Amino acid sequence: MVLGLPAAVNRTKTFQGAVCVLNSLQYKSSASERLHVRQENPGLQLQNMHGFLQRTGITVNELDKLNVIHVTGTKGKGSTCAFTERVLRGYGFKTGFYSSPHLVHVRERIRLNGRPISEQLFCKYFWETYEQLEDTKDNRGGSMPFYFQLLTLMAFHVFLQERVDVAVIEVGIGGQYDCTNIIRKPWVCGITSLELDHCSLLGDTLEKIAWQKAGIFKPGVPAFTVRQKAGPLRVLLHRAEDIRCPLWVCPELDQYETLVGPVHLGLTGEHQRSNASLALQLSNSWLQRHRARETGDDLSLALPSCRPGSQAAIFQPSSAMLEGLQETDWLGRNQKLSCGSVTYYLDGAHTTDSMQACVSWFRQETMHRDKTQGPGVRILLFNTTGERDSAALLRLLLPCQFDYALFCPNNTDSPANSSAAPHSSSECAATSRCRENLRIWQSLNTTFNQQHYHLVASSVSGSLVFPCILSALRWIRQRKHPQSVTPQSSESPHRLREGGQVSVLVTGSLYLVGGVLRHLEPSVDS
C-alpha cells in the first residue's frame, strides 16, 4: 500500500493540488509485482476498504441509504449505467453516477445529475476525504488507499453529502473483490455481456469470469443479466441460487418494440440494444422498490412475479423511459465527431467482442458516407494497454481496408499534465509497444492481401508510429509527413494531399480516445 507521499507532491488545497495528490496514489510497484500480490490475496483491497471507509467517517449502514444500482460485466457496463442514470433522472430523481475510467478529466468519474462534479466540489470533497485518511494513518501503519480506492471512497462521500436519490455504481474490475463491492445492500444488480478480459486477475475462461462478476449478488436483492453463453449463464444462475439472489435474464429490446414501436437510442451500435434492455429492467426494478418503500409496502413484493432464472417480464416502457434511452450520451463509445473534411469515429473497444461491434459500426457508417459523398480515405489510429491481445484486435480491423494505420502511445502532447489519465508504463515501453503493433499490422496486412487479392482493388496500407497523440492528429490535419516524425513506411500520403473526405477510426484504448477528445473538443475538459 501507499505509505507516504513524495516531498515534491503539491499539497495546496486547490483542484490541481488535489489531482496531483490523487495521482501520487497510483501504484509504484511494477505490474508483475502488483499481479502477484493480487493473485496471492485477491480480497486484500476489498478488506482494506472497510478500514478506509471507517477512517473517512462513513459506516456501512450509511452506504445502505444510497439506494444503489450496482452494475458489472465485461463490456457495456458503462453504457448500461449511462442509460439507467438518464432514465431515472428523467423521472425527476437526483442521481449520482460513479464510473471508470475517465476519458478527459478525473471529474468524469463522479457525476451528479449526469454531469461531472465541478472543480469546486471535487476540491472540497477530495480534501475532506483525504485529510481524514491522512490524519488517521499513523495508527494504521501509515497505510493510505490507492487511486481507485480513494476515488471510490470519495464518490460515496459526495453522494451522501449531496443527498442523491439513487447512486448508479459501475464496478471497476471483476466484482467479487472489487472495491465497490463494499456495498452490502444495493437495490438491484446488473451484469452486462461477459467476455475474456483481465484474465490474469479474473480467470482464463468465461465460467471463471462469470463467478467473479456474480460476486456482487446479494441475498434477496433482484439481479438481471443480458443473454449469455450457456456455460457462464449456468455459473451466474448457480451463484445466484447459492447467494439466494433472484436472477432474471433480460428480454431482447425488440420484444418491447412490439408494445411501443421502434425504440430509439442515444448510443449507436447494435450491441447497445442489449445494454438498453438491461437498463430498462434495472430502472424499472428500482422504481418499483422505490414506490414500495414510499407506500410502506414490503420490498419483496416489488420483485418480478416470474420465476428466477427465466426471462424477465416484458413491460410497456413509459414515455420517460423511452425519452431517457434516446437522450443518453456517453463519450467515446460509438461517437462520431466531424472536423471539416475529417470525420473521427471514436470507440474505446479493447476486447474482441467489442472490437467486432466497433468494426461493424464503422463499416456501416463509412459505407453510407461513401455512397452519399464518394469514396474517401480511411485511417486507423490505434493503441492498446495492459494485457490486451493486439494481434487479435488488429486482425478484426483488417476488413475495414484502411489506407493508413497510425500507432501512438496514449500520452497527449504534455504527458506531465496532471489531469491526464494515469499511465501504467513508461514512455519508452509505450512507444516500443506501438512499434510492435505496427509490425503486427504489417504482417497481418500482407497475409490478408495475399488471401483476398481478388477482392481488394488496392492493397496499400501505410503504417506510421508517432510519439504522442497530438503529432498523429497533426499528421492527419496537415495531410503530410511532419518533419519531426519519421514514419515507419516509405509511403508518401498522396491520397491525403488530394483532399476529399477522411474517415479516422480511433480505437483500442479508452485512454487513447480520451486523449484525442482532449485535442478535438477542448470544451469537454471544462
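Every residue gets a Cβ built from N, Cα and C, even glycine.
Listed in TrEMBL:
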- SER100, GLU170, HIS198: Mg(2+) binding site (BINDING)
- ARG333, ASP347: ATP binding site (BINDING)
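A map of TrEMBL features onto the structure.
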residue	record	contacts (Cβ under 8 Å, 6+ apart)
SER100	Mg(2+) binding site	ARG109, PHE148, LEU151, GLU170, GLY172
HIS198	Mg(2+) binding site	ILE173, GLY174, GLY386, GLU387
ARG333	ATP binding site	GLY78, SER79, LEU267, GLY269, LEU346, ASP347, GLY348
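For ASP347 (ATP binding site), the count of additional Cβ atoms within 10 Å of its Cβ stands at 25 [all protein chains shown]. Counting every protein chain shown, the number of other Cβ atoms lying within 10 Å of the Cβ of GLU170 (Mg(2+) binding site) is 24. Taking the centre of the Cβ atoms of SER100, GLU170, HIS198 as the Mg(2+) site, the nearby residues of that chain (Cβ within 8 Å, site residues left out) are LYS77, GLY78, SER99, PRO101, VAL171, GLY172, ILE173, ASP178.
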